[in-house]
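Chemist: Okay, here's the structure, questions in a sec.
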Amino acid sequence: MMASASLLIGSYLLLLMLLARPLGKGLAHLVADRPLHGFATAERGLWRVSGVENQGMRWQRYLLAILLFNAAGLLLLLLILMNQASLPLNPQQMPNLSWDLALNTAVSFITNTDWQAYAGESTLSYFSQMAGLTVQNFLSAATGIAVAFALMRGFVNREQGELGNAWRDITRITLYVLLPLSLLMALFLVSQGTLQNLHGYLDLTTLEGAKQTLPMGPVASQEAIKMLGTNGGGFFNANSAHPFENPTALSNFVQMLAIFLIPAALCFAFGDVVRDRRQGHALLWSMSLMFVAAVVVVMWAEVKGNPHFLTLGADSAANMEGKETRFGILNSSLFAVITTAASCGAVNAMHDSFTALGGMVPMWLMQIGEVVFGGVGSGLYGMLLFVLLAVFIAGLMIGRSPEYLGKKIDVWEMKMTALAILVTPVLVLLGAALAMMTDAGRSAMLNPGTHGFSEVLYALSSAANNNGSAFAGLNANTPFWNMLLAFCMLVGRFGIIVPVLAIAGSLAMKKVQPAGNGTLPTHGTLFIALLIGTVMLVGALTFIPALALGPVAEHLHMSGH
């Protein structure tokens, strides 16, 4: 088992880095806002027709463009979901969504969360899935990458204050990155057996004589961007555990690669943009070390399983509950860590059925801000916030003014960094407290005791950090939970984007200071250790008390302590 686990983790990381390096080079080209060879004329025509000016924006204008763009997407998606019964491509005659579920779903998809308080195959029409959810999967991913581009430019621009043009960034990211990759991914998934049609559902008679309905639909086209954009919202309720979404072991492995592909490539792009590849490599090393540690813990916990299984007469204590036999424990554990380290939230196994420790690690990966590779764009700018915090702590220890990449880190940057890092913990902890204090919150819990609290904590962690996965034992489709989680998703997304762009704008106004003898190297082993320690320390201080009431207590109870 250890050899299989090592081979799986090693082959995954090797292929990931081989694919991410060339993509990172292309992303760096987009950050520089240079026209692509052969597309310059078409681009100029597109900008003229759309009225987009070829000039940079300061951080306030960049932020306003991002907010207006996402507000328009929210309104359009809300209208589609609340009127889907009157729209085309609805062969199953799906009714309109209630206002609270429609609002929750619209907020979920424009924030790249893809939290789903519904079952897609029994709730949404094909039009809602294609024109509503799939479109927002592209646009929310492009938004995150655009913000990361703006922050990168903040580090390299000198006394300009401009961060690029948000409209150009979102358009170019969608056309040159997300669409081509999604097309290739969709074709691959179709070759593996993923559905892609507009047929009505099939009514069949099984060999036992029972009646069964097989859902159909344009699955592969949504599945591709769901993974590449770290969106995670499944066409079916079972998500990537469903054989119509994820048919084979090969499709499962490629889906895992797709989740981390753009986040890893952005780290390589960061090194190219700042003209020091070691900076990007340091981020990748930090992320990879934390990732491997998390995978090892989850695999160990699930293989060790539950000792009560043996007392009940099972052949093994290994925990196969909630997992597909075609994927097994190792692939399910790896997928769980990948999807929660990123802001994806897609699942090929039910996280609610993991052991207490096996479920706690994915929850904790979300709680630290999903900075272990993280979401497309959000993972990079989230980790760079921790880099600024680590540089500040190091500056306090050695008595020097903190600086990073030649830019001095002042009070303004640290205030914005602290604000961004504190947004999601406040949402999670206060939201969990509110849910446990109210009848409307507690009534949705289908399990009592420590595991019930873990389900509540997981839901708030997932929503506030824009992940979207869930412990399924929570009945979240109620007005209370739809509104609470929608609020957490909105604030968790844009409450971080605002200070990140403010930091980028401030850095873009500064001179680059030449490195001196006392400058802290931010690419060596010492800084990697400091960065990992900073992430771990913030996560530990913030969430250990809450985790102790949930998964830790559940594990001790399971172990007989």
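Placed from the backbone N, Cα and C atoms, the Cβ positions cover glycine too.
Swiss-Prot lists 1-21, 62-82, 132-152, 173-193, 253-273, 283-303, 327-347, 356-376, 379-399, 416-436, 483-503, 526-546 with the feature transmembrane segment, giving sequence analysis as the kind of evidence.
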Chemist: Are the transmembrane segment (132-152) and the transmembrane segment (1-21) near each other by the rule of at least 3 C-beta pairs under 8 angstroms (pairs 6 or more apart)?
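Modeler: When sequence-distant Cβ pairs are counted, the transmembrane segment (132-152) does not touch the transmembrane segment (1-21), since fewer than 3 lie under 8 Å.
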Chemist: Do any residues, 6 or more residues outside the transmembrane segment (483-503), come within under 8 Å Cβ-to-Cβ of it, and if so which ones?
Modeler: 59, 62-63, 66-67, 70, 100, 103-104, 107-108, 111-113, 115, 117, 147, 150-151, 154, 163, 378, 381-382, 385, 388, 412-413, 416-417, 419-420, 423-424, 427-428, 431, 434-435, 441, 459-460, 463-466, 476
Chemist: Residues of the same chain, at least six outside the transmembrane segment (416-436), with any C-beta under 8 angstroms of its C-beta?
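Modeler: Distal contacts: 367, 369, 385-386, 388-389, 392, 442, 453, 456-457, 460-461, 463-465, 481, 484, 488, 491-492, 495-496, 499-500, 502-503, 506, 538, 542-543, 546.
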Chemist: Pairs of Cβ atoms less than 8 Å apart decide it: which stretch in 62-82, 132-152, 327-347 has the most with the transmembrane segment (356-376)?
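Modeler: It is 327-347 that shares the most Cβ pairs under 8 Å with the transmembrane segment (356-376).
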